[in-house]
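What follows is a set of notes on a single structure, which appears directly below.
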Amino acid sequence: MIAFMTIALLVSLFLCNSNCIQKAIEICRECLILLNSTDQNSKDIFIVVFSKMLFILYTKSGIMLKTLGENLKAKEYFERALAIATEIGDRRGEASSYGNLEATDYGNLGNLFESLGQYNKAEEYLQRALVIRTEIGDRKGKASCYGNLGTVFQSLGQYTKAREYLQKALVIRTEIGDREGEASDYGNLGNLFQSLGQYNKAEEYLQRALVIKTEIGDRNGKGACYGSLGTVFQSLGQYAKAREYLQKALVIRTEIGDRKGEATDYSNLGIVFMSLGQYDKAQEYLQKALVIRTEIGDRKGEATDYGNLGYLFQSLGQYDKAEEYLQRALVIRTEIGDRKGKASCYGNLGTVFQSLGQYTKAREYLQKALVIRTEIGDREGEASDYGNLGNLFQSLGQYDKAEEYLQRALVIKTEIGDRNGKASCYGNLGTVFQSLGQYAKAREYFQKALVIRTEIGDRKGEATDYSNLGTVFMSLGQYDKASEVCLEKALSMSRDIGDRRGEFEILRHYAILYLSQDKKEESRSCLYLCIEKYEELRYFLGANDQFKTSFLEHSGIFPYKLLCSLLCDTGNARDALYVEELGRARGLSDLMVEKYSVGTHISANPQSWFGVENIFKKKNNCSCLYISYFDSDLRLWILKKSGVVHYRRISVEENLVQAGLPKDLRLSQFLDGNFRSLGILPTKDCEDRSLNMVKLQPLSPHTEELSKIATRRGGRGRG
């Protein structure tokens, strides 16, 4: 019996080391059944030995499953291991030895519950583990418990407590000379300071961790430090530096074969490219991350990538695709029991439905997110949901409710010490007060946001706040302040950090500013620059025509329309027609270049314009009616073969009233009825292949207000 059991034990050890865990578990279980049915004297020793072995195997299985995102299965294995540790501890009465095993499993279960978003349960199990580690004098294990509890408190938004526990862990690791653990604590403290918006402190602690990881030759840890530093620089708007550090991390992870880390770096690089407006590259990197996560079975990471891709499509205005990817993420989060991730998906879907104008559905999903965050004690997430609900009520024109929810978010952000989040709340409250015409209050809140962003070094946020302040001064008619104090700084910062999207938005504000001052020439020059910047952004969308079309509709169409209107009002109807066509024909032109190698003549440079009417000189007896609609005005061009262009502007509302029709009659209905009465359109329905009536996405409330003011002050001419 002794020889048989010894061989069985050696075989199970070999299988364990070969990662044939399930086979090893089967052998240990069969041996325990056999031992419990015999009366031999040596059976107790072997029962303990095989129980310990089974404990190790269950623990190893749990860790592997947790790594793969199979959290519920992992929980089952950790609970089996805990039952064995408790049982053999009671039977043998060796509290110190077996208590250590029990502490290990309480710790594993604690970490698992953290992954599942069950933070209160995670704290409970980690506190049990801490008690045992303290009783048996295991200082290294005690430090590990403190560190894990610190990350749990961070997830709960209890940042003061998180810092306290991480500092306790660091003190012990330093005293016992555990350099690897010391580096981990510096890294965790760095991540904590990043969550608090204390980016300089975050960088300092992560650099300390990096030094130790380099000294002890821990390449995996070194890669992790580079990756974390990359995300800090991204938060600071230092995108070139962020990219450099994430690339360093990626090189190391690839060399050592850390595929999970490799996927993380691809994902983070994708987010950096998204911040830079390089959406095609962002999608490429996020897809690379997704492929790796799927191959290695990392379901939690897979859900993260689907979520990031959903956010990418949302940024481009492809809301149907955004919803599809976020729903995929939600399915995975639900299956693996990740409640925190599930709440995040509900919140993101809520913002997508808001963008689609489905406000009831948006509110429903944001409320679902809020319920989960409140239940699991995720205060940071709770504040985000209050903030998103505040933005939703602002979109609905319910400004009192918007202010109420944003103030709730602000209270939480202040309590947990999240300075970056606090600045965002101030900024959002500023836009609410601006929408209400309370410009003094809007200015006060934008300035509060600006002070924080400047202190924490968030240059992208700083540029946003200067831009928002510029729009407030524009609304107040303080144009010099808007330009010299605010927009100039915002534009300079956006250019410094390479934020092309931000630069595009600020140039748009400048165009409206000049038009408000009746400086039509300056406004026109600014709109040319704005369109050039838009063309740069389009370049980074690569050959993805879908991206380009949705990006035009979501963000790019306004400068074309405003420039067309300005050119018409200054008697340049021919150039206006070219601008109108430029906005419509870009996608078709790019497709012809890509598919048929046809040379494109479409350019944002006015020097290259040759006039759309020249096309008709080549046609026999051809006339063309060209229609454009913007800012309640209908613009009509009639193009003749002779090159003559007739232009006319019609006020739609005035003409509808004169005709005895309702002012809110949809233009498409009005035109459709008139064209049919003239016999221009057939009565049957046909596929609409035109690009004439591009759907304008709603502008932000203050941009819409400013553009109306600018148009009124700039005046309107008749061609």
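Using the three backbone atoms N, Cα and C, a Cβ is placed for every residue, glycine included.
The repeat 'TPR' feature in TrEMBL is assigned to 103-136 (among others).
The repeat 'TPR' annotation in TrEMBL covers 143-176 (among others). The repeat 'TPR' (143-176): residue composition by secondary structure is 31 helix, 0 strand, 3 coil, according to DSSP.
Positions annotated as repeat 'TPR' by TrEMBL: 183-216 (among others). A Cβ distance under 8 Å defines the sequence-distant neighbours of the repeat 'TPR' (183-216), meaning residues of its chain 6+ beyond its ends; these are 143, 147, 150-151, 154, 159, 162-163, 166-167, 169-170, 173, 222, 224-226, 228-229, 231-233, 235-236, 380, 417-423, 452, 456-458.
Beyond the repeat 'TPR' (223-256), the same-chain residues lying 6 or more positions past its ends with a Cβ under 8 Å from any Cβ of the stretch are 183, 187, 190-191, 194, 197, 199, 202-203, 206-207, 209-210, 213, 262, 264-266, 268-269, 271-272, 275-276, 420, 457-461, 463, 497-499. The repeat 'TPR' annotation in TrEMBL covers 223-256 (among others).
The repeat 'TPR' annotation in TrEMBL covers 263-296 (among others). Model confidence over the repeat 'TPR' (263-296) stands at 93, taken as the mean pLDDT rounded to a whole number.
Secondary structure of the repeat 'TPR' (303-336) per DSSP (helix as H, G, I; strand as E, B; remaining residues coil): 30 helix, 0 strand, 4 coil. Taken from TrEMBL, the feature repeat 'TPR' covers 303-336 (among others).
Helix, strand and coil content of the repeat 'TPR' (343-376), in residues and according to DSSP, is 31 helix, 0 strand, 3 coil. Annotation source TrEMBL lists repeat 'TPR' at 343-376 (among others).
Taken from TrEMBL, the feature repeat 'TPR' applies to 383-416 (among others). Same-chain neighbours of the repeat 'TPR' (383-416): 157-159, 343, 347, 350-351, 354, 359, 362-363, 366-367, 369-370, 373, 422, 424-426, 428-429, 431-433, 435-436, 701, counting only residues six or more beyond its ends whose CB sits under 8 Å from a CB of the stretch.
Residues or ranges marked as repeat 'TPR' by TrEMBL: 423-456 (among others).
Taken from TrEMBL, the feature signal peptide covers 1-20.
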Under 8 Å Cβ-Cβ from the repeat 'TPR' (423-456), and at least six residues away from its ends along the same chain, one finds 197-200, 383, 387, 390-391, 394, 399, 402-403, 406-407, 409-410, 413, 462, 464-466, 468-469, 471-473, 475-476, 700-702
Taking DSSP H, G, I as helix and E, B as strand, the repeat 'TPR' (383-416) contains 31 helix, 0 strand, 3 coil
